[in-house]
Amino acid sequence: MSLITDIIAREVLDSRGNPTLEAEVITELGGFGRGMVPSGASTGEHEAVELRDGDKSRFGGKGTTKAVANVNDVIAKALVGKFDVTDQRAIDQAMIELDGTENKGKLGANAILAVSIAAARAAADELGVPLFSYLGGANSYVLPTPMMNVINGGAHSANKVDFQEFMIMPVGAPTVKEAIRYGAETFHALKKLLEADGKATSVGDEGGFAPDFADNEEPLKYLIRAIEAAGYKPGKDIAIAVDVASSELYDAATKTYKLRWSTGDEFTTPEFIKYLEDLADRYPIISIEDPIDENEWEDWAEITSELGKKVQLVGDDFFVTNTQYLQKGINMGAANSILIKVNQIGTLTETFEAIEMAKEAGYTAIVSHRSGETEDTTISDLVVATNAGQIKTGSLSRTDRIAKYNQLIRIEELLDTTAQYKGIHSFYNLSAAAREAIQAK
């Protein structure tokens with residue numbers, strides 16, 4: 001047993017230059033851990049509360065000094081000298097009870113999560129084991145198939161593309177190191193194609209390109225060209241994933257989806273489902289995130305009934321990494337995958353519970369970054385610890401994204417011959433026939 005002897009928090013900056021929270025945990029045997037918290041641009045209505053100061057004279061109101069004070073003055077007093085650093089569940093539960101709200105609005109999910117991560121890292125440090133091994137034990141061996149966001153749109157950019165993310169997934173790679181190479185080579189091939197066509201190659205929040213396109217289909221055509229230019233086969237070697245972020249397009253009053261940034265076209269829900277199905281039929285699209293507004297549960301069940309056997313349908317804003325919402329979705333047959341964002345729920349313990357619930361229901365779980373990131377690589381360890389099988393951590397540029405990929409390379413090297421990269425088989429929520437059909441496109 002090793003008690004926590006000190007907890008320290010401070011305000012630092014994220015990848016967008018906005019303030020965020022960093023916490024450090026120190027133990028009586030010299031264990032040390034640090035946790036940094038990301039933040040999102042496109043956030044779900046039901047996410048745990050990210051506590052900000054609201055003082056417009058400082059960081060435009062986005063300061064985190066209140067959350068820092070909650071760690072230093074409230075959480076530290078409750079945990080220091082009272083908890084064994086290796087008792088993650090007890091530490092997280094104590095902070096949840098200390099907050100006492102449904103959405104962690106009193107202390108802030110950012111304050112709680114920073115300490116949750118730092119405690120896990122301190123425990124791993126004290127025991128002399130990698131974080132993934134500490135969190136997952138001897139059964140942690142699956143390296144994830146990456147979702148690489150190489151074209152940004154929607155709330156993540158200033159262009160005329162409605163969909164928020166266009167991603168490549170190296171489903172045919174033999175290892176995660178090779179998957180990262182496939183992605184990097186395709187990223188650079190895409191840049192050359194854009195430059196040759198006179199399009200901008202500046203990057204968005206997550207490191208992907210954000211040039212203007214005529215509509216939402218043009219980026220898909222560029223991805224196919226880039227995959228081929230890099231020497232790979234679309235579908236077989238590299239599949240495509242998209243994040244529609246449809247809550248940004250939905251008008252609840254008229255119950256329609258409007259392509260507000262591109263063509264201005266409006267769709268009823270059945271028409272929008274058909275629109276997405278048509279794209280999935282014509283391109284090797286293996287995953288669609290948030291295809292339906294986060295509050296339209298019956299419509300989610302409808303799209304899952306129509307498309308869920310042939311494409312992964314991911315709930316992000318829909319589930320917000322919350323087991324209550326996930327269980328409701330499972331009961332209704334809504335979605336077949338959940339996006340896991342640790343700061344949507346606020347503790348590692350609750351994150352593990354969401355991943356386990358998803359797996360038991362046959363849903364995939366995709367461990368994800370946020371658009372406002374830091375150099376913290378916890379999600380790389382988390383995805384291996386849970387054998388989740390898929391990770392979404394941005395493009396092949398910007399150090400805040402690359403840090404996660406580099407950590408996966410290190411983990412694969414540590415695991416050596418026990419490491420498994422599932423690739424196309426990480427989509428266990430799809431039938432073998434559906435996986436084969438995507439790879440044949």
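Quick reminder: no glycine exception, Cβ is built from N, Cα and C everywhere.
Going by Swiss-Prot, these are the annotated features:
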- Gln164, Lys341, Arg370, Ser371, Lys392: (2R)-2-phosphoglycerate binding site (BINDING)
- Glu206: active site, proton donor (ACT_SITE)
- Asp243, Glu289, Asp316: Mg(2+) binding site (BINDING)
- Lys341: active site, proton acceptor (ACT_SITE)
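This view paints the features noted in Swiss-Prot onto the structure.
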residue: Gln164; record: (2R)-2-phosphoglycerate binding site; DSSP class: coil
residue: Glu206; record: active site, proton donor; DSSP class: coil
residue: Asp243; record: Mg(2+) binding site; DSSP class: strand
residue: Glu289; record: Mg(2+) binding site; DSSP class: strand
residue: Asp316; record: Mg(2+) binding site; DSSP class: coil
residue: Lys341; record: (2R)-2-phosphoglycerate binding site; DSSP class: coil
residue: Arg370; record: (2R)-2-phosphoglycerate binding site; DSSP class: coil
residue: Lys392; record: (2R)-2-phosphoglycerate binding site; DSSP class: strand
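Across the annotated binding residues for (2R)-2-phosphoglycerate (Gln164, Lys341, Arg370, Ser371, Lys392), the two most widely spaced Cα atoms sit 17 Å apart. Cα to Cα, Asp316 (Mg(2+) binding site) and Lys341 ((2R)-2-phosphoglycerate binding site) are separated by 8 Å. Counting other C-beta atoms within 10 Å of each candidate's C-beta, the binding-site residues Gln164, Ser371 are led by Gln164. Separation of the C-alpha atoms of Ser371 ((2R)-2-phosphoglycerate binding site) and Glu206 (active site, proton donor): 6 Å, rounded to the nearest whole number. Annotation: Lys392 carries the greatest number of neighbouring Cβ atoms among the binding-site residues Lys341, Arg370, Lys392 [cut-off 10 Å, Cβ to Cβ]. Take the mean position of the Cβ atoms of Asp243, Glu289, Asp316, the recorded Mg(2+) site; other residues of that chain with a Cβ within 8 Å of it are Gln164, Glu165, Val244, Ala245, Ile288, Asp290, Val314, Asp317, Leu339. Between the C-alpha atoms of Arg370 ((2R)-2-phosphoglycerate binding site) and the residue listed as 'active site, proton donor', the distance comes to 8 Å. Under a cutoff of 8 A between CB atoms, and with a sequence separation of 6+ in the same chain, the neighbours of Asp243 (Mg(2+) binding site) are Asn149, Gly154, Phe163, Gln164, Glu165, Met167, Ile288, Glu289, Asp290, Val314, Asp316.
Distance between Cα atoms for Glu206 (active site, proton donor) and Lys341 ((2R)-2-phosphoglycerate binding site): 15 Å, as a whole number.
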